[in-house]
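Features reported for this protein in TrEMBL:
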SIGNAL    1-22  signal peptide
DISULFID  Cys32-Cys49  disulfide bond
DOMAIN    63-214  domain 'Cupin type-1'
BINDING   Asn109, His114, Glu119  oxalate binding site
BINDING   His112, His114, Glu119, His160  Mn(2+) binding site
Amino acid sequence: MKGVQFLVAFVLLALASKFVSASDPSPLQDFCVAINDTKDGVFVNGKFCKDPKLATAEDFFLPGLNIPGNTSNQVGSMVTPANVKQIPGLNTLGISLVRIDYAPYGGLNPPHTHPRATEILVVVEGTLSVGFVTSNTDNRLFTKVLYPGDVFVFPEGMIHFQFNIGSTNAVAFAALSSQNPGVITIANAVFGSDPAINPDVLAKAFQLDQNIVKQLQSRFWWDNN
């Protein structure tokens, strides 16, 4: 009986350890301000840390998220990040933020995924159609129209999007469960990779004529490079 109890406890502990390691590691100190200079630094979470005695309030500060992003581009949106690259004090803290601006009549944050973070988004202005798609084989779409004050969650790794269906500018803020969540924009990654993916592969995968694939590749490769 004791052997069974030990085995159950061991399995639960193993599962708990797996869940804990699914996001950024918990810090073992108050903070670890990231620095580029390796002199007198300690390497933690992909960044060198500043001596805590030399840290200042500026290491934890970023101004400007009240300023609208420029949406004059092909997709009509702009993401303004506030992650460890902009706020070095976020290093090891496992959280970041973005502001997203959307142009009227179809501003789009195109289908993309964050490989290292769950995202929770709140709409501040405008009306957004948002959604995410689950993994194979269901590929189920969860979608909702959001208004100011509405909140929606995009689970880690799921392909998701936001689309401005209103006639005015839209603004949203999103928190992500990583200091550096990463982003893979699906169309850019598939058709704009460097070097390009073999057109035969994409033609078969998307059931498209190879000439269409090459046309898409030329367009996205140019945009990405």
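Heads up, the Cβ atoms here are built off N, Cα and C, so glycines get one too.
Feature map: annotations from TrEMBL on the structure.
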residue: Asn109; record: oxalate binding site; Cβ contacts under 8 Å, 6 or more apart: Val75, Ser77, Val79, Ile100, Tyr102, Phe161, Gln162, Phe163
residue: His112; record: Mn(2+) binding site; Cβ contacts under 8 Å, 6 or more apart: Ile159, His160, Phe161, Val183, Ile184, Thr185, Ile186
residue: His114; record: oxalate binding site; Cβ contacts under 8 Å, 6 or more apart: Phe154, Glu156, Gly157, Leu176, Ser178, Pro181, Gly182, Val183, Ile184
residue: Glu119; record: oxalate binding site; Cβ contacts under 8 Å, 6 or more apart: Val153, Phe154, His160, Ala174, Ala175, Leu176, Ser177, Pro181
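With all protein chains in the displayed structure included, the most crowded Cβ environment within 10 Å among the disulfide-bonded residues Cys32, Cys49 is that of Cys32. Those residues of the chain, other than Asn109, His114, Glu119, with a C-beta within 8 angstroms of the mean position of the oxalate site C-beta atoms are Val98, His112, Thr113, Ala117, Leu121, Phe154, His160, Ala174, Leu176, Pro181, Val183.
Confidence over the domain 'Cupin type-1' (63-214), given as mean pLDDT on the 0 to 100 scale, stands at 97.
All protein chains included, His160 (Mn(2+) binding site) registers 22 other Cβ atoms within 10 Å of its own Cβ.
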